[in-house]
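Participant: Let me begin by handing over the structure; questions about it come next.
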């Protein structure tokens, strides 16, 4: 069900951990939904020089976190802000449809960390991530 | 790498001795049991013999009370919809529990939404146990059916069916139990339990998939399920699945003879696994009742990590297990059973179910105890909510 790239990132996640002297930190998701991603960024001369993550969640959540950190490192702040959840999923050769919606939040976490660095307040109502609960119909 | 299968609650392999007795019924003994000739008679006789074995395993007085079905889900649908249709003029209230299998839960919801029935979903305590007093209190003038499972598929808690059966009998309400996880695993006696209907499924105890049965106590009003031919005493039309039926009969025979031995073996493995996990992994909670529990069921919530990632890590090590996390339940919510037991969403997402079967060994248990702590440590090192 998962692509080889997802499995590879799940087995060998890049950039796991925290940055003690991070310039920006962002957290998205909540434990109720089953996914929480926390991103730490280090910015020097407008370039993202280091990204680390911690994630509670399924295989897709871990793999997208890992991929997002890889994609962000070396980018300018502006470039990194352009990164979308969709682009992260594409870099992993796609995700199962059910996961596109619920566990694909890494770019949002990164964006939140960058906004934190830029001094822009984001509250939870700004989160792109909303669960649409669909109940069985008879 | 030697694989370890510990998902026997999902399904079990067909036992070689079961497969062996089934084989001739695919080829040489292929007759249609409804046919007049000798080919038909051979098939008919095999079905009769298998029906006796099923009846014997569950203590039914008369093998004619056994109707073969395609499995547990059909048996549940047949029982619930059948009673609802037969008794709807008498009343439209059904009592069930909040921890039933979806085969029962969704059937009740269907009757509620589409057929104008009222359904009471009883709560459970923190061990996943239904309180018989709640059943008694929920009975109303128009209650026509009580359907409470015998043992829960996720957390293994064995329900007080004897007491609920007494209450149902006293109130004169038809009582169905989904015993899919119980039959073949623990002693089941329809008379001792006072049940009018009981669902069972072959593939949960080493018979093949696609065969199950519904016990219908003589005199119980149940509407016909499949319309067509006169098979199953005119209750369920369709040409009988003779190989499946023969296999189910054999599995029942084996289960009856080996019940004590199998149960003792599984309980020993189960308790070794439970105490091993409790000793080696911190921040874990056993879900389900510690003693009133299916012999093969182990279910833990492992704090600060999520179920699907646990399953993926175990799968990479060749270990097959299951979880009640949202990702593995196919919905956005974690297991309804764990939520009904009062677990928070977060803790419910981190559940791990290991279900033992006939073919598991001590080595399998030790392998889990070797691999699981490392998996948990790895995932917790990645978790933003773990401050270990």
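Using N, Cα and C of the backbone, Cβ positions are placed for all residues, glycine too.
All annotation found in TrEMBL is predicted automatically rather than curated by experts.
Values in this document were obtained by computation on a predicted structure and should not be read as measured data.
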Participant: Looking at TrEMBL, which one out of B:109, B:181, B:280 binds pyridoxal 5'-phosphate in the same site as B:72, B:73, B:153, B:201, B:202, B:203, B:239?
Facilitator: B:181
Participant: What Cα-Cα separation, expressed in whole Å, is found between residue B:153 (pyridoxal 5'-phosphate binding site) and residue B:327 (active site, cysteine persulfide intermediate)?
Facilitator: 18
Participant: Pull out the recorded positions from the set B:73, B:181, B:239, B:327 whose C-alpha sits within 10 Å of the C-alpha of residue B:204 (N6-(pyridoxal phosphate)lysine).
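Facilitator: The recorded positions close to residue B:204 (N6-(pyridoxal phosphate)lysine) (Cα within 10 Å), listed in sequence order, are B:181.
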Participant: Quiz question: given the binding-site residues B:201, B:239, which has the greatest number of C-beta atoms lying within 10 angstroms of its own C-beta?
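Facilitator: Answer returned by the neighbour count: B:201.
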Participant: Check the recorded positions B:203, B:204 for other C-beta atoms within 10 angstroms of each C-beta and report the one with the most.
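Facilitator: When each Cβ's neighbours within 10 Å are tallied, B:204 tops the list.
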Participant: Could you give the Cα-Cα distance between residue B:202 (pyridoxal 5'-phosphate binding site) and residue B:327 (active site, cysteine persulfide intermediate), in whole Å?
Facilitator: 28
